[in-house]
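Per TrEMBL, the features are:
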| type | residues | note |
| --- | --- | --- |
| TRANSMEM | 16-37 | transmembrane segment |
| TRANSMEM | 43-61 | transmembrane segment |
| TRANSMEM | 68-85 | transmembrane segment |
| TRANSMEM | 91-109 | transmembrane segment |
| DOMAIN | 122-222 | domain 'P-type ATPase A' |
| TRANSMEM | 238-256 | transmembrane segment |
| TRANSMEM | 262-288 | transmembrane segment |
| TRANSMEM | 572-592 | transmembrane segment |
| TRANSMEM | 598-615 | transmembrane segment |
| COMPBIAS | 626-638 | compositional bias 'Basic and acidic residues' |
| REGION | 626-647 | region 'Disordered' |
Amino acid sequence: MTLADLRKFYRKNGKLIVTVISGALLVAAFAAGKLQYEQLSSALWILAAVIGGFGIAKSAVIQLRYKVLGIQALVTIASIGAILIGEYWEAAVVIFLFTFGGYLEALTLDRTRNALRSLMSLAPTTASVRRDGKIVTVDPQEVRPGEIVIVRPGEKLPVDGIVLKGEAQVNQASITGESVPVSKGPGEQVFSGTVNEVGFIEIETRRSGEDTTLARIISLVEEAQEQRAPTQQLIERFAKYYTPAIIVLAIGVFLLTRDPLVALTLLVISCPGALVISTPIAVVTGIGNAAGRGVLIKGGAHLERAGRINIVAMDKTGTLTKGELEVVNVRAFKGTADEAVFKAAVAEKMSEHHLGRAVLKKVPQGVALPDPEDFKVLPGRGVIARHGGRSLTVGNRRLLAETGFSLTAVAEAYVQGEEERGSTAVFLIEEGELLAVISLADTVREEAKDLISRLKQAGVKKVVMLTGDNERTARAIAGRLGIDEYRAELLPENKVEAIKELKKHGVVAMVGDGINDAPAMAAADIGIAMGAAGTDVAIETADIALMSDRLDRIAYTIGLSRKTLGIIMQNTAFSLLVVLLLVAGVLLKVVVLASGMFIHEASIFIVILNGMRLIRYGGGLSWRTDTRKDKEKGKGGTERPVQPGPA
Ligand code: ADP
Ligand code: MG
């Protein structure tokens, strides 16, 4: 072993080594005392104090340089004071307990960061790239956008990209938190860090290295864990004044009682050690737990606020429903149904809206669609386009009204019938004449059915559906899902108003799909974006981003936040109580320096363990069965990012 090795070993295990040495000296000093070797015993007590205390004093000096009066300074002052008045064993025990406590703290805090570390371990290590007709193995960081990457069965995908060739079952647990594999074929988006369980695919690289979704999730989670929660900020501001105040109090007590030991004890035990750690431990653990389930919480402030949510507003299309609309009926009022679909498709060719894309899908393969000569989107209403010199309008009733069009009784009756069935009807108008009514239907997400009861269980009082769709369709869907309240025919700006109104009655979360709900999500107390993997804007702007499309994550997230908030409250109350009791104990002389320190360290430890309960929180998600499935298949790299374990 070289000196460098030794140094490395010390850097890694320094706290443990110091704890063990001063612990051993403590035992020796105690034994020497029992055997009446008084002087040897005193020397050993002092040696233990000096060896353990050196590091503490050093960090106290460093902190003072930054004008921070921390617990290290107080422990140093108290121990020196104890030695000066001849209480050697007290000084040694206080220092030992402090060092040992610090070691345990580091150990447990490490555990809470595990979630992130396992997320990082999911990052790919090699990539097979096609270069100059050969397949070469390179570092995934070196793959450039546009290059073709080959992924064999059992391999991790090294880049974000689009499948060019082949079919595969891909396990996306690292991104979405869901370990049921999904099929990926040509044209579909795939992510770095996911695992090809079965199949052989070629991917065209879009992003690699630091730009991949996985890398960004990791850095966002890291940032989020660093961010201070409001409660923590409050406590830190409080601690800044509190510690100097304690010094003044200790001096006062000394002047009054003339008892240096009482004054020194007061110094040490009234440090707000547990108080300061009570919030961050819960926040770091909570955010880590969520990250492992494909939920990105963007910081302690959001986590705390999410714990107070009591009203949930939800978008309909693309959120409660899959957004995979299908044309179910075309009723032509002039010309044929096929002509109508063709014209509507030309008008919607540039549209990004779910409805527009569904109309495009209805055009038979092989039919060439010309570009419209002119095209305009009217959010929440439809599109206006021009083709063959004639104007084409595709949209809802509101758009008809705005363009001064009135429906015949026959058309109106037909549309109402379609809407009552839960379909969304859009009108195709050419040069002021109704050509057809196209009915589209969307499938309600499977988890939407028990969403409401799950949300209620998580403590939400009211669930409101906000939609731009028409009243009758909205009522049909809301009725089917048992939603308390719905507001229909809203334009994006009306959704913002609805959110503002709801905010008068509670803490409001807005859940949207990120396509046109961004303003409403921003107006809400908490904006939750669904299916954020792949849509950068959603990941960046939402307060909470769900990487998957699964609605059950919403109730889980609210439940987790509530539990986190609860633990923050418990921890804070407990820490304050302990300090108060200790101060009283010291003044009543039932607590001495060593026992005070013991209780102080124990309270820190209890607070940490309480926070770590969040590691196991599952919020009713069926992750247990997921894990078992992975194990059975025996596939590497599919383990859940968060492993349950004893706290
Ligand atoms: P939601 O709030 O349910 O997600 P939107 O606000 O996106 O719905 O759209 C509201 C309504 O506007 C749709 O139900 C439809 O009637 C009409 N609409 C919006 N965009 C289009 C489009 N591209 N083509 C036809 N109709 C559209
Ligand atoms: Mg929508």
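Using N, Cα and C of the backbone, Cβ positions are placed for all residues, glycine too.
In TrEMBL, annotation is done automatically, which means it is predicted and not curated.
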Key: Highest-contact recorded stretch vs the transmembrane segment (238-256), from 68-85, 91-109, 262-288, CB pairs under 8 Å   = 262-288
Request  = Six or more residues out from either end of the transmembrane segment (572-592), which same-chain residues have a Cβ under 8 Å from its Cβ atoms?
outcome  = 90, 231, 235, 253, 261-262, 265-266, 269-270, 272, 274-275, 278-279, 599-600, 603, 606-607, 610
Key: Intrachain neighbours beyond the transmembrane segment (43-61), with Cβ under 8 angstroms and 6 or more residues off its ends   = 14, 18-19, 21-22, 25-26, 28-29, 32, 70, 72-73, 75-76, 79, 83, 88-89, 91-92, 95-96, 98-99
Request  = Go through 16-37, 91-109, 598-615 and flag the stretch with the largest number of C-beta pairs under 8 Å relative to the transmembrane segment (262-288).
outcome  = 598-615
Query = Near the transmembrane segment (16-37), which residues from the same chain, at least 6 beyond its ends, have a CB less than 8 A from one of its CBs?
reply = 10, 44-45, 47-49, 51-52, 55, 89, 92-93, 95-96, 99-100, 103
Task = Could you tell me how many residues in the domain 'P-type ATPase A' (122-222) are helical, how many are strand and how many are coil under DSSP?
result = 20 helix, 42 strand, 39 coil
